[in-house]
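Q: So TrEMBL says this about it:
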TRANSMEM  A:6-31  transmembrane segment
TRANSMEM  A:38-59  transmembrane segment
TRANSMEM  A:65-85  transmembrane segment
TRANSMEM  A:97-116  transmembrane segment
TRANSMEM  A:148-167  transmembrane segment
TRANSMEM  A:188-209  transmembrane segment
TRANSMEM  A:276-294  transmembrane segment
Amino acid sequence: MNNTGLPIIVALLASTLRLATPLIFAALGGLFSEKSGVVNIGLEGMLTIGAFFAVYGSFKTNNPWIGIIFAVISGAAIAAVHAFLSIHLKADQTISGVAINIFAAAITSYLLMVLFNRQGQTDGVTPLYYPKEAMQSIPVIGKFLGELNWYVFIAIALVIVTNYIFYKTPLGLRIRAVGEHPKAADTLGIGVYGIRYLCVILSGALAGLGGASLSLSNTNLFREGMVSGKGFIAIAAMIFGNYKPFGALWACLIFALADAFQIVAQGLGWPFPTEFYSAIPFIITMIVLSGFVGKTVPPAADGIPYEKGEK
Amino acid sequence: MKKLLSIVLAVLVTASLFAGCGQQQQQQSQQQQQQQEQPKKIETSVKIGLATDEGGKGDKSFNDAAIAGLDKIASEYTVEPVILESKQNDQYEPNLKNLASANDLVFAVGFKMQDALTKVAKAYPDKKFAIIDSVVELPNVESICFKEEEGSFLMGVIAAKTSQTGKIGFVGGSDMPLIQKFEAGFIAGVKSVNPEAAKDLENRKNVKYANSFSDINKGYELAKSLYNSGCDVIYHAAGGVGLGVFNAAKEMKKWAIGVDSDQALTVPDAKDVILCSMLKRVDVGTYSASKDTIENKFQGGKTLILGLKEDGVGVSPTVNPAVQQSTLDLANKYKEAIVNGTIVVPSTLDDVKKFQPVEIK
């Protein structure tokens, strides 16, 4: 039992990145959907589904990478339902999202019974291996890298990729056009429905990956309720970051930093009640929201179903 | 809009159907098993129902222990207990009402159901009720409470004896009197063996609360933070959050202590890092209340307090080999001292500060 005490600042930063990772995935997912003009408040449910199927995939095959693929596919599948409801049937996207959140909680609870023959939580499965020792042997930043997991790197890479897609590729231009002014895009020959389907399904895939980062990283099991509102925080982060990938990244990091800070702060022995520490993330959020973020501008056609040929 | 509504409704209905048949299937299979195993049972017409809190069935802990008590009753008597899970606190009252309308004895598992049970028990004065972990003073309610502080005291003794760094941590679900009982007893136990290690627990430097009972990742982060600050043993009283504590313990090769049930058995992949668990015999509570009712000895209006003396709490049967026999012997001596009243274990944080440790060699 050797003591692996880390400098407090390193522990704090690593904890921030770990806590931010699922938020980043979900926020990026939300971005894709909203940029194309479909509101997605079903992220919480998609995280839940992803978290469950990640564990199931790893449980079945003993290979966590397969688990991640399961998570991505299941997230995409549930998002396809949302896409069908909100694009084809022109349903109220908020209601559809809420339904997905409720449905996800119920179906995972049911599948837990059917697939694991268990209730409440799964058994531990093979988690994603992270070469902690090898990372720690890297000079200077090794100790810090050793505290992370693969998802942290994937999440940050995806922020860069998403930013590139949105602002540097024709596809990104189309997505934004569909989200801002679908009629104009349609008249120019862009398939509004196709783009929206693609984006909503991608959004579910990313949220599914986020779910995997919750259940199959430093933890190795699924438990009902383990997502505990992270999908909603991701939505807040996305809006907070003004519907931009890097904005969302910073917002997620601020939320996570506040959370990581309150964990460390509990150990400082200040004479505050623990409720105060639990409130720290929200207090910081309010301060940042009131002072540092200007007006956020959602895509103009966000949440409005597109009707072909409507005047 | 109509289309959407119909689809949303269809989705919801299907989902709730799923949840429904899951329960039935399990109950049926359980009953079948029991019938096969125990062909001869004592006849009784008493019907028993139980409502879980949000932890639900399969929490491998508190609620499962409560259900285990009823399973035992069902193996001895011709009783088919009905179990309803409450996913949210607004389901407590409807669940309890449903159960009360069809059963003679209804269990409310968890202190959170206190208000709901008070209302329902008043509405059904001819039915019998029992509540775990809380006190409802009504003539038709039996309250079953545990002296968690006494069991936690023994965990404190074991933690303090096993720790090599002399730093010990505590992770709690939410900061309220019930969880503070665990914390207080644990600190008193540590204090009795290693007063130095208890200092950082008393000033709460090594005490962290998750403000949740299900956020595993939060538990992982809290535990990492504690282990990083030098703790090598953490006792958790935080339900599902504790699973994250075990994950952190595995990663950092440190120790953790489980709670409520024998967690080395219920969370087998963490058994190498679990020193032992504080058993809370909720099953003893539900079993004895059911038996009393069947035998017409129901103690309405009374509070049953189960401590070390009544075997309501204790050290789990599974103990990690890392715990030395001398440590267990010491824990046993402390247990005797508590049972015969030499040591009165504090149950609040204020009392811990006044607690004068008694050293037993």
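Every residue gets a Cβ built from N, Cα and C, even glycine.
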Q: Which residues, given as numbers and ranges, are at least 6 beyond the ends of the transmembrane segment (A:276-294) yet have a Cβ under 8 Å from it?
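A: Answer is 236, 240, 242, 254-255, 258-259, 261-262, 265-266.
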Q: Between A:6-31, A:38-59, A:65-85, A:97-116, who has the most Cβ pairs under 8 Å to the transmembrane segment (A:188-209)?
A: A:65-85
Q: The transmembrane segment (A:97-116) and the transmembrane segment (A:6-31): do they have three or more Cβ pairs under 8 Å, with pairs 6 or more apart in sequence?
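A: No, the transmembrane segment (A:6-31) does not contact the transmembrane segment (A:97-116).
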Q: Same chain only, please: residues at least 6 beyond the ends of the transmembrane segment (A:97-116) with a C-beta under 8 Å from a C-beta of the stretch. Say none if there are none.
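A: Residues 39-46, 48-49, 52, 56, 59, 78, 81-82, 122-123, 222, 224, 231.
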